[in-house]
Every structure is written in C-alpha cells, then in structure tokens.
Amino acid sequence: MDRLCGSGELGSKFWDSNLSIYTNTPDLTPCFQNSLLAWVPCIYLWAALPCYLFYLRHHQLGYIVLSWLSRLKTALGVLLWCVSWVDLFYSFHGLIHGSSPAPVFFVTPLVVGITMLLATLLIQYERLRGVQSSGVLIIFWLLCVICAIIPFRSKILSALAEGKILDPFRFTTFYIYFALVFCALILSCFKEKPPLFSPENLDTNPCPEASAGFFSRLSFWWFTRLAILGYRRPLEDRDLWSLSEEDCSHKVVQRLLEAWQKQQNQASRSQTATAEPKIPGEDAVLLKPRPKSKQPSFLRALVRTFTSSLLMSACFNLIQNLLGFVNPQLLSILIRFISDPTAPTWWGFLLAGLMFLSSTMQTLILHQYYHCIFVMALRLRTAIIGVIYRKALVITNSVKRESTVGEMVNLMSVDAQRFMDVSPFINLLWSAPLQVILAIYFLWQILGPSALAGVAVIVLLIPLNGAVSMKMKTYQVKQMKFKDSRIKLMSEILNGIKVLKLYAWEPSFLEQVKGIRQSELQLLRKGAYLQAISTFIWICTPFLVTLITLGVYVYVDESNVLDAEKAFVSLSLFNILKIPLNMLPQLISGLTQASVSLKRIQDFLNQNELDPQCVERKTISPGYAITIHNGTFTWAQDLPPTLHSLNIQIPKGALVAVVGPVGCGKSSLVSALLGEMEKLEGVVSVKGSVAYVPQQAWIQNCTLQENVLFGQPMNPKRYQQALETCALLADLDVLPGGDQTEIGEKGINLSGGQRQRVSLARAVYSDANIFLLDDPLSAVDSHVAKHIFDQVIGPEGVLAGKTRVLVTHGISFLPQTDFIIVLAGGQVSEMGHYSALLQHDGSFANFLRNYAPDEDQEDHEAALQNANEEVLLLEDTLSTHTDLTDNEPAIYEVRKQFMREMSSLSSEGEVQNRTMPKKHTNSLEKEALVTKTKETGALIKEEIAETGNVKLSVYWDYAKSMGLCTTLSICLLYGGQSAAAIGANVWLSAWSNDAEEHGQQNKTSVRLGVYAALGILQGLLVMLSAFTMVVGAIQAARLLHEALLHNKIRSPQSFFDTTPSGRILNRFSKDIYVIDEVLAPTILMLLNSFFTSISTIMVIVASTPLFMVVVLPLAVLYGFVQRFYVATSRQLKRLESISRSPIFSHFSETVTGTSVIRAYGRIQDFKVLSDTKVDNNQKSSYPYIASNRWLGVHVEFVGNCVVLFAALFAVIGRNSLNPGLVGLSVSYALQVTMALNWMIRMISDLESNIIAVERVKEYSKTKTEAPWVVESNRAPEGWPTRGMVEFRNYSVRYRPGLELVLKNVTVHVQGGEKVGIVGRTGAGKSSMTLCLFRILEAAEGEIVIDGLNVAHIGLHDLRSQLTIIPQDPILFSGTLRMNLDPFGRYSEEDIWRALELSHLNTFVSSQPAGLDFQCAEGGDNLSVGQRQLVCLARALLRKSRVLVLDEATAAIDLETDDLIQGTIRTQFEDCTVLTIAHRLNTIMDYNRVLVLDKGVVAEFDSPVNLIAAGGIFYGMAKDAGLA
C-alpha cells in the first residue's frame, strides 16, 4: 500500500501508529485517507449491488414520475462523477507535465467516478421500479459523508500547520465533493411521491410503512402517528390500516396450499413407487417388512412457503449476534484504559462513542429481525387457519363425525396460535449454538483452557433438560386431549342448554366439565413444575459456568490472577451466554407444544376428502339431467353400503318424487347426487347447476335477504317472486326489520317452518337447473304446503320446466309428479308414474290403501279428482290380489316401515323440520323474538371492545384468585434473587480489586465460596418463585374457569339467544388458554425485568454517582415512551380479541352447512368470506407487532444512552474510580437495554393478556337466572301431588322494552286433566311452556301448581318436578344410560322398564354395549323416532304429576306417534298433561282444549263444545278433516 501512495511531497506512508493512536491529536495519514477511506463507500455499494438488483427485479411497485427531487439527485450524481473525472484528468495532466503523481491519485478518482455513475443509474432504476426511499443509497451517501469528515478536518489542520495549501486544486475539488455528497445525503432522506399503477394508490387507508423513508422504517418512526392517536383516544377499527397485498390471506394461504400440494404429490409418488411390483421371489415377498405409508410433511410445506422470510430473518439475526460480541471487547479496552493513567483521554471518549454506536446498531438490526420474524409468524398463523378452513370444506362425512366442530375450532384457535408463538424462537436453533461457541472462544482468549470447564457444565446439563422437555411433551399431548374434550362438551352444552334447563340437568354436566377440567389442570400443574425445574437449570447454568470457570482458573495455576478485566469481560460474555441458555427453556417448551400441534394439524389435513369426480358434470345421455348407473354408495369406507346398485335416469324438466320407509336411503340418494357420499362403484352424472334444500334448514347469521340471495346479485323481480311463492311476505310484516332482520345463529329466531321456507326461497332465487328438495314440506302446515307445491314445486309452479327431485312423505302431491322412485333397503324397489305403480300393486299401492284416508280430506279429494282412473284401478286391483295380506311377513314388514315413515299433514301452524339438527337450535317457537330491536332488526349484539386502562380491579381479581399471600411471596422471592445477584457481582468486583490493591490474591477460597453461596441462593430463590407461581397460577386458572362455567350454566336462555356460541366458546378456549399457559410466564418475566432494571440503576449510581445527573431525564423519556406504547398496544390487543371471535363463529357455521355450500357452488365465496374475517383480525395484529418494534427501538435507545453515560462518566472520573467499579458499572449498563425493553414489553403483554381475565370476568358476572334452590322456601316432599296448574292474570314479555307475548292469561287446569293447547304461529303456545318452567319470568300475575306459587321456589325444585317431551329430541354424546339418567338416581331395572314402555328395549338389547351404547353428538347415530322415544323414556323415569308435550310428535312418523300417544295414555293416566299440538287428532279425546290467539285466551272448553261453537278451533278441525 505504501507504493500505491508514492513518495515525494504529496506521498506518505499508509499507516502511522504514532500519528493515529499514540497522540493527543489523532489523525490518519494522507495515503490512508486517499485510498482505503475513500474506497469504503464504493466497496459497500458494489457488494450490495447484486442482491439489491435481484430484489428490485422481483418487486415491481409501480412507476414514479420524474420529479424535481429525482432530477436533483440525478444531477448531483452526474456532478460527482464529473468531479471524480476532473481529479483523474488532473492527475494525467500532472503526469504529462512530469510531476509524477502517486498511483492512488489515478486509482481513487477512477473507482469513485465509476461508483458515482453506478449510483446515478441506480437512482433512475429505483424510480422505474417504484422505490420511494432507497436504504441502499442512503447508507452509501452516509458512508461517503462519514469517510469524508476525516479528510475535511485533516486538510484544514494541515493547511493551518503548514501556513499554506500544498495542493490547491485537489483541496478545492475535495470540498466540492464533500458539499455534493452532503447534499445527496440530505436529498436521499426525502421520499419520492407514490408510484403510479400501484395497488397502494387505490387504498383509502394504506399502511404508512409502505411509503416510509429508510430511517423511518429503520426506527419504526412511521408508527408514531398511530401511537399518538392511541394515546389521545381509544383506537377504533376505522383507525387501522389496510393490509398490504403480501399479508392478505388469499396470497399467503395460496402459497402454503401450493407447497402442501407438492408434499402430497411427493408422498403419493413415493407410495406408488413402493407399490410397483418388481417380481421378487415368494420368500422375499413373505419375509419383506411391510413398508410404512409415507405421509406428506406439513412442516416441510411450511418451511418451503416461508423460506425467504426465514433466510432474511436469519441474516439479521446473524449480524445482531456478531454485534453482541463487540461491546465486551470494547469493555476490555475501556478497563485497560482506566488502568493506564498515561493513555490519551480521547481513547475513552472514542470507546464510549463506539459502545453507544455498537449498541444502537445492534438495536436497529435486532428489531428489523424481530419485525421480519413476527410478520412471518402472523402470515404463518393466517396460512394455517386458511388451510384448515379449506380442508373443512371438503372433508368426508365420516371425518366430520370423528372431528367435531369444537376440535376443529381448537386447531384454528390454539394450534395455529402455537405456531405463531414459537416462530420468534426458531432461529435459536442455530444462533444459540453460535453464540455459545463464540462466547467460549472469547472466554478461551481471556481465561485459557479453564473455559473448557464451563463447556463441560453446559454439555452435562443439556441431557438433563432434554429429559425434562420430553416429559413435558408427554404431558402436553395428554393435556390437549383433555382440552379438546372440554371444548367439545362445552359446545354440546351451549347447543343443548335449553334442554338442560328444562330437565334441570345442569349440575350433572357441570360436574362432567369440572372433572375434565380437573384432569387438565393436573397435567398443567405437572408441566408447569417441570417448566420451573427447567428454568432453574438454565438460570443456574450461566452462573455455574462462571463459578466453575473462574474457580478452575484461579486454582489451576497460582500465577493466574483474577483482575477486573478478566472478571468483568468474562462476566459480560457469560451474560451473553445467558441469553440463549435462558431462552432454551422457552424454545423447548414452544417446540414441544408446536410439535404436538403440528401432528394434530397434519393428521387433520391428511384426512379423506370428498371426491370431486364422484359426480360427473359433462358426460350424460342426451335428454337427461341426472343419471345413475350401477351406483353403490356408503357414508364411510369402513361401513357397509347404504345404497346398492342404483340405476336411475331423470329427464330434463321432470318432477320426480322419492318415497320409502325410514332408513331406506331417500336422503342418502340426494346426498349421493350432491357427491356427499363415497361412491364405491358406478357412474353418477348431473348436468347443470344445482340448488339444494336440506331436511335441516341451514340458515346463516346474517339478514333474511342475505340468506335468500346467498351471495348472488340482487334481482328485485326474482327476489320478490321467491318471497311470494315461498309464502314469506306475511312473515316480513311480522319481523322487526322486514327482510333486513338479522337472523340469529342457526336461525334461532325463526320457527321451523320459517327456516325451511327461507331455505326454499334461497333455492328458488338461485334459478338453478336442478333442484334437490329433501322433504321441504314437512315443516309447514297443510295450506302452506299446498301453496308451496302449487306455486313453487308443482307443474304450475315457478320451477316448472326445471328438473326437480322431491323427497316427500305426504301422498296428496304424488299424482302430480312425472314419476315416483320408491326406495326400500337402499335399493330402488319400484319406479314409475303414479298410475303405473298403482297397477303394479306393490308395497306402494299397499301403503296407499291403508293410509290414504288419513290424509287431509280436501287434498285427498283433489287427488281423487286428478287421478280418478288410478284410484278406481287401485280398488279393483287390491280387491283381486289375495297375496297382499297381513299374514305375509315380508309384505307386512314393508307396510310397517311405510307406516313409520309417512306422516299425516299437520292441521295448523308450522312444525319443526322432521330431521332434527345435529346441534340443538331451539325447540320452542319465538313469538316475540327476544332480542329484536324494532329499528334495526338486529338480534346478535356486537361485541364491544373495552377502552382505556385495564381496571385495577382486574389485577386485584387475579391476585385474589392466586391468593394474596402467594402473590406477595412471589414478589419477595424475586426481590431476594435480585439482591443475591447484585451481591454476587459486587463481591466479584471486590475480588477482582484484590490484585489491583495487593498485587496478588489472598483468601481465594473465601472469595470463591461466598460467590458460590450467593449464586446458589439466587438459583434457589428463582426456583422457589417459579414453584410458587405455579401454585398460584393453577389456583387462579381453576377459580376463574369455575366462575365462568357456573355463571354460564346459570345464565338465562335469552343470553344464549343473543350471544353467538362461538363468542362464548372463545372465552372457554382462547381466553382460558391465556390464563392457563401464558399469564404466569408473563408475570415472571415482568418481575425479572423489573428487578433487573432497578438493580442495574442502583449499581451504576453506586459505582459512578455522577450518573444521577442523567437518571431523571432518561426516566422521563422512558416513562413518556411507556405511556404512549401501553395505551396504544392495549387497545390494539383488545381490537384483536374482538375480531378473533367472528373467525371461529363463521367457521362453526360453515362446517354445519358444508353440504349446502358445496351444492350451490359457493365454496370459493366462503373461502373469501373467511379470508376477509381473518384479514380483519390481522389488521389489528399487524399494528400490534409494529408497536412492539417501535417500543423496542425507542426504549433501547434509552438503554443505549445508559451505556453511553456510564462509559462517559467512567472516563471523566477515571482518576477516582478503580477498574473493578468501572467493570461492574459498564457490564451492568450493557444488560439494562434488554431489561428496560422487556419490562415495558411485559407490562404491555401483562395488560394484553390480563384482558383474558377481564373477558372471563365479564362473562362470569352476567345476569343469572333465579337460584336453583331456595333453602328457605323448598317445595314440600312429593310436590305436586295432584298436578293442578293455574295461570292467574299472567303476562310475560321476553325482555324489558318488548311487547307482551302473553296478556292477562287466566287458566285453571284440574289435576289429572288432559289439555291441548293450539293456535296459529306466534299465538303464544310455546311461551306458556317457557313460563311454566320459568325459562321466562312473569311481567305480572303468577303461576300456581297445587297451591304453590312457582316463583317462590328454586328453579330446580320446580323443573325437576315437571316433565317435558320437547319437539327437538336432543341427545348428548355419551352413553345411553347417561342420556336417560345423568345423575345415576335410577336402578338398572327402572331404566330397562322405561325402555320397554317406550318400545326401545329391543333396539338397546340388540346393541353389544346395551345401556352403555355410545350416542354420537346430538344423537346423530339414532333416528329421529328413536331419539324421541329416548325422550319418552326420560319422562317415564321421572314420572312427575305434570307432563308437557311441546309438539313432541310433529316431526315423527305415524307409528312412533301412535307408540308415544298410547304410552302417555296408559302411563300418565293420572297425571296432568299439557300438549301443544299441531295434529289435532291427537288431542280430540282430551278433556279440554285451550285456543290462544295473539297472546290471549280465545277459547277454552272441551273439543266437542268448541266444534259446536263454530269458533277458531272449529276452523282448525275443519281444515284437518275432523269437523
């Protein structure tokens, strides 16, 4: 390099230590300034160029119009290029004229000139790629200015020293160059205008990050405006920025889906290759081990999806880790500087500045790393939620039965969140070993081979912690199973809460949940104890390493002296070593939890999907809309086929009826046409779009209009036609908001008939080619059914000309169909036109002979008129066929099955859909819909975010839940461990000063022993505090869950009608998870960072009292940042919590309606809807992540200032301080940055997580029902004895502010009397039963049973003495015994007797498990009739004096109806029976009939008298053919 600089007047050496270091006026040689210093910016730009160009090529952000700013920057670049060339030409000029300039004067202008040309071109290329602020060029210009400052000073000092300017030309060009690069730096700090054609331009509220300048992005200053806004007022949804394109769900999910698809393809190829025959020998085949089927790896799919983010974060993390080792080296030099009185003072100031600069750079890069990794974590969670949602849309029905909604919601809420939680620790897998290796390397440099002793400690402790983590994983797996069971049970309880209240069964289910919860908490406790042991091991590890290393060092050789430099540089290295070791427990815990979640998610994603090719859409015979050729179908591969060898051809435009007995496969046939069943063989072809009306009407939680439109654009004419033909116009007049009325979850505020008609209107509006109608007429009365058939389905209806497949029970419409398919035993037994089937004289004709007279008379007469010849033919045929007699077993059985299936049309009102929902919706009509508002028709209340500070009462509640003594003990233990840590370090400082004061170290054993004792004391106190926290946290988790559970079980029915179950489940899943597993570690980390911060300030002030001067300003700045941050982050967290519930509510709703969604081809629309809800959640999550980074940069700046001032004051007071105190002070200062950051973070996290307590407490304090038992007013033993029921001037409303639904009702029912209750929909029939059980409380008046006012006794004393057979026969998952007798009060003989009387004993006896037969969720594995008989058995077991039948037989077949009515007449002969009836024939022999009309008693007399009077009841009886 010296030759490069030449010799002579302008020549110099490249480096001169006396000039640059060992002097009080340091400078660099001209050669160094003109060469390496000038080249540094150029080297940087050329090094960064390849990666930057690659980035720009793959990130087109738009096009920026040429602006004055761009022109100025370009002009400056050109001028700098010119200045460099002028310098170069001047050197050539000198060479020509014989002055022989040094080579550096040719090389440097050439290098700088080319680099300036590159910078100029880069300015324009960035403009074309839409870059508003270039970080690469800002750093380049900054380096140019920094590297030019030294020559700037040197040239002036040289000119002053020499009295003249040695090289006036280069002197002038340099200052021109300096002025230009300084201007370029200033201009580059200003950002360009937004680019054209950018998506950001269309955004009304874009995230400012996208257009922020380089320094703003580096320091997260762009977040400041939102922080100020959040400080001034609570943030709202409208304040949140839109998501950038790359963060949106549709982008992120698609990337993961593509990666997952590749994994599936690879796995399938691997299996195919394994399965290929290679013609081996017989022995080889027999002896060869069976190859394991290779499953696609979800982990690999995740890694491939987020590779770029992982690599970017790894780069940031690597730089940050390397920078972490700079300050210990600077500390070493600083201590040596303090020890050397002859060292120049500027060394100390330079060291202080370098320590500040190093810390600041580390801060900036650290938070770029965190931002990168947390944004990746957010995208990861979004992608996993999206993939789970998409999978749920296509899983088979058998998988749906295995994976309940609660379990799938857990995958989304808990398991996806765990991946997000563990993501920030992923890089520890490689960075922790790197940091440990580097720390040990530097320790070796200081302490020599003694450092290996510390390595040995680490190596020995790793297996111990590994064993602990494996045990933790075992507990984690078990705990998640209990969590799933608890959530599943809670989901069932919430969906069947009304049944539990009516039967007074809440205590039984309460105990079930508490039992599961107890098991879950036991595993949590064990896991937490193991976590505490793991924490103890790793907290003690750095200290043990320090102790043993220093002990070995001083004992291995007497000449080894522990001085301040060795002690505190080692200590700072050990503190660095402590970070990865302390994080390892969290990493292990997080990875353990994530591995469990990974397996759960992977297992779910590998479940079977419906075959999209099951139904062919193109190849079909001409003239036909639907064909099935040799079709055999099953619901699951491991189950026998449900439908066998079907051969069906349905012409275009035909109306086809499907009839048959119970379980024959009618609904299965519709499902097979939809592709919902698994096809074993055959071909199914469907040509055209499909509309589907299921047995169980699926209604969304949105407005009635949105339910009908179902995502299609509004066509007013078609919409009006759909409402009119489906008889919905009259309902719109009653609904508070008309068609804008919000329909509650699962259509809870509509009657069964209204739900079915909305479902039918959706189909009509869809204007599809093919309509699959699964029994849509069973849920409406006879007149409405006739209207719908005539106006919609029939030959003259709006669907005339469309292909219609109608599953039906009634026979009055069959003559108008084009042909009929009769199913029996999963096969087509007969098929043909109505008249042809009559001529065939099979089971269909036999059924008509027996049950046609029971049909509605008017409808039957119409049928006779329309098919007179067919009926005459029927009479003739039946009279001549003697082989169809009842003594033929096969024929009799078919007839019996038909009898079970066919139901007479209802006489009035609307009945519930014949197939009960899987989840309990609401069996009782909602005449006055409980929570409607007249103005808006909104039912579900919006979840409101709390604002302002979290109330101190919430913290107090949690502290009390933990136990006040426990809370106080934890704080004292943490304070004690901090004191022990300070004591150990102060002792180390004194030990290191022994060598300074005495030249050697005496009392080494004492020094080492005390140091060891203090360290061990610290470790023990940490472990004690962790164990104490476990005790308190588990107790708090138990009490808070218990309070929530008890309150919700006791909440009134109106609460469940107005609150989505997803919102309640969110409390039991996500919020309880936070209380269980997140809150306690957060508190421990807060205490740790708080005491560390306090102890650091105390040590620094004690070491350098001058530091007191800056403590107050830094504390003010710290408090200022903290107040801004906490206010904003708290509200962002609340908004995130509020926006999370709709994701799960929508998911639950989607899973129950997948068949409808698929049938209408709306899968893509629902994906978009789910993505929208997830994106809305991300809109609050992303600013929350940014707020943490904003906090980190600003707080760590305060911490860096602490480092700066600690070092500066050490330099200033070097004459009065010993090296030990300086080492102690600065080493503590180096820790304070992280401690201050974590303290605010943990304060905020505590506030964010304590919101879970707030939300749980909120739902633990909602209004409850009356007490279950009033000890001071218990009902007499054996009450009621007679069963006399009186309503005295009774009025009721659903809630304050609404109209009365029953008005001044006065009714007296004698004991043992049988009373039927009838009336049109909305008359108040079911309201009476709600009042009798006190589901609704009186507005005025009273109900008296056997002389006792029911309002004066406990709810369970009342409800347990009444019996109801509800319209919806709800069963719960569990044994049949539990569903009959949840309290275990009855003997096995009693239960079998009840089963015998309810005609279920044959079925139960045939089951291998008998009474322990496992009922599926909702009783899904039993038929509707069987479920209703179970309800009858419940009533027989209870055998109370008052029995209520709430339309109990409206949705079941005739035979089951006959069985129930016969049993009721015999077994409840002496009981009071109140029957809400739709089938008037069931109450014609009752003592009296109560007719309600608009909430008042219209008629009340015997059936005979009421018919004779010719009033409302007479009209109903006439409609039913009974008068």
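Cβ coordinates come from backbone N, Cα and C, glycine included.
Topology note: Trp991 and Ser1093 share a membrane side (same topological domain name in Swiss-Prot).
Scan Swiss-Prot for N-linked glycosylation site across Asn18, Asn630, Asn1304 and the hit is Asn18. Summarising the environment of Gly1319 (ATP 2 binding site), the number of other Cβ atoms within 10 Å of its Cβ, over all protein chains shown, is 27.
Across the topological domain 'Cytoplasmic' (124-129), DSSP helix (H, G, I), strand (E, B) and coil residues number 5 helix, 0 strand, 1 coil. The residues of the topological domain 'Cytoplasmic' (367-419), classed with DSSP into helix (H, G, I), strand (E, B) and coil, number 47 helix, 1 strand, 5 coil. The Cβ neighbour count for Ser1326 (ATP 2 binding site), using a 10 Å radius and every protein chain shown, is 26. When secondary structure is read from DSSP and collapsed to three states, Ser1326 (ATP 2 binding site) falls in the helix class.
Long-range contacts of the topological domain 'Cytoplasmic' (124-129) within its own chain (CB-CB distance under 8 A, at least 6 residues past either end) are made by residues 56, 59-61, 63-64, 66, 70, 74, 137, 192. Fewest other C-beta atoms within 10 Å: among the binding-site residues Arg1320, Lys1325, that description fits Arg1320. DSSP labels the residues of the topological domain 'Extracellular' (325-345) in these numbers: 15 helix, 0 strand, 6 coil. According to DSSP, Gly1319 (ATP 2 binding site) sits in a coil region rather than a helix or strand.
Predicted-model confidence for the domain 'ABC transporter 1' (626-850) is 86, expressed as mean pLDDT.
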